[in-house]
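First the structure, in the form of structure tokens, and then the observations on it.
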Amino acid sequence: MIDLKSMTLEELSGFLRSMGEPAFRGRQVFTWLHKGVSSFDEMSNLSKALREKLKEQCILTVPRVAKKQVSARDGTIKYLWQMADGNCVESVLMRYHHGNTVCISSQVGCRMGCAFCASTIAGKVRNLTPAEMLDQVLFTQQDSGAEVSNIVLMGIGEPMDNLDNVLRFLELVNHPDGINIGMRHISLSTCGVIPGIARLAELGLQLTLSISLHAPDSETRSKIMPVNRAYDVEALFAACHEYFRKTGRRISFEYAMIDGVNDHDWQADLIAKRLRGMPGHVNLIPLNEVTESPFRPSRRMAAFQKQLEAQGITATVRRSLGGDIDASCGQLRRRAMEEEKKGEQGCKFGV
Ligand SMILES: C[S@@+](CC[C@H](N)C(=O)[O-])C[C@H]1O[C@@H](n2cnc3c(N)ncnc32)[C@H](O)[C@@H]1O
Ligand code: SF4
């Protein structure tokens with residue numbers, strides 16, 4: 001079966017031409033798909049015969065809301081989407097004064113093994129298709145009624161481990177006939193997969209690159225982020241400097257503060273040293289506690305921020321939205337997996 005929604009406009013037009021349809025048909029179908037229709041029958045400007053042919057040959061991805069949590073405090077909505085094969089992923093809609101941001105997943109699970117992260121506990125099941133990433137934006141808009149202005153690839157999964165599909169998703173979501181979200185309104189977060197960073201640097205996209213740093217020294221970082229054993233922190237910063245040189249885009253560094261692990265003043269000093277010669281922004285994040293992990297949130301966030309700022313580094317403490325719901329990425333899926341084990345609900349999560 002053909003996955004129409006993962007196609008670019010050019011590919012879609014080519015496909016419809018191969019079915020004997022005129023060139024403009026591609027744009028019509030593209031527009032419907034990017035409006036988030038749930039059946040081919042809703043494509044009212046196509047003939048019945050064409051709709052039937054599409055039904056026979058193509059799939060139309062429509063995720064189901066398996067769970068939904070709404071924060072009474074700030075209106076943040078967390079969705080657990082169930083896809084056609086039964087697997088589930090999460091997205092979060094966050095409402096800021098400047099617009100609505102949706103945080104989407106790029107994989108079912110993750111194989112990177114970061115010690116503090118709920119998304120990786122059961123490993124990686126599979127990559128998401130471009131259509132499945134797009135669906136998280138489309139159906140979050142549709143269900144919530146909120147127009148999305150910003151997208152962050154910070155949900156479940158490592159985008160650089162599924163980069164071809166992620167790049168295609170970016171092309172789709174950026175398209176003027178689709179949702180049309182500008183690259184400058186998109187952030188992509190990586191744990192530090194250097195070949196992916198280098199590929200993005202070559203492409204020169206205007207998106208914001210976020211690096212999940214979490215420790216500036218290889219000894220600590222390798223303990224909490226196995227990716228550091230393949231791409232160590234020195235090589236990572238070299239890749240970041242190169243990225244800035246090629247794109248001129250300021251990089252954002254994510255830093256979840258863990259009690260007694262990465263919150264020492266000498267680590268703030270080392271971050272400042274490594275950032276020298278490149279504008280960078282450090283986002284200090286209160287660690288979300290994950291039941292399966294031994295780590296606890298740091299009590300030194302303000303002191304650490306001060307230490308960074310004293311050396312001219314812009315550092316902010318990330319406002320925590322949705323604190324009253326399962327806000328930490330991967331937790332909703334984890335919880336549903338446990339419920340499934342107990343036979344309480346019908347969402348398939350296993351490999
Ligand atoms: C879930 S990851 C997905 C994107 C990508 N794989 C990455 O690591 O950047 C998004 C962000 O959440 C952070 N994160 C994961 N577990 C966390 C936790 N328990 N508390 C706070 N942040 C966490 C990650 O370090 C990363 O910065
Ligand atoms: S922090 Fe990112 S890379 Fe690390 S395990 Fe979680 S999702 Fe994967």
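Cβ atoms are placed via backbone N, Cα and C, with glycine included.
All TrEMBL annotations are machine predictions without curation.
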| In TrEMBL, the residues Gly157, Glu158, Ser212, Leu213, His214, Asn288 are said to bind S-adenosyl-L-methionine. Which of Ser91, Ser187, Ser189, Ser252 is said to bind at that same site? | Ser189
| field | binding-site residues close to ligand 2 - of Cys110, Cys114, Cys117, Glu158, His214, only those whose C-beta is under 6 Å away | value | Cys110, Cys114, Cys117, Glu158
| message | Using the alpha carbons only, what distance in Å do you get between Ser189 (S-adenosyl-L-methionine binding site) and Cys110 ([4Fe-4S] cluster binding site) once rounded? | response | 13
| field | Glu90, Ser212, Asn288 screened against Cys110 ([4Fe-4S] cluster binding site), Cα within 10 Å - retained recorded positions | value | none
| field | Integer average pLDDT (0 to 100) for the domain 'Radical SAM core' (96-324) | value | 96
| remark: Filtered by Cβ distance under 6 Å to ligand 1, the recorded positions Glu90, Glu158, Ser189, Ser212, Leu213, Asn288 reduce to Glu158, Ser189, Ser212, Asn288
| remark: Glu90 (active site, proton acceptor) -> DSSP, reduced to three states, gives strand
| task | Only counting partners 6 or more residues apart, tell me which same-chain residues put their Cβ under 8 Å from the Cβ of Glu158 (S-adenosyl-L-methionine binding site). | result | Ser106, Gln107, Cys110, Arg111, Met112, Thr190, Cys191, Val193
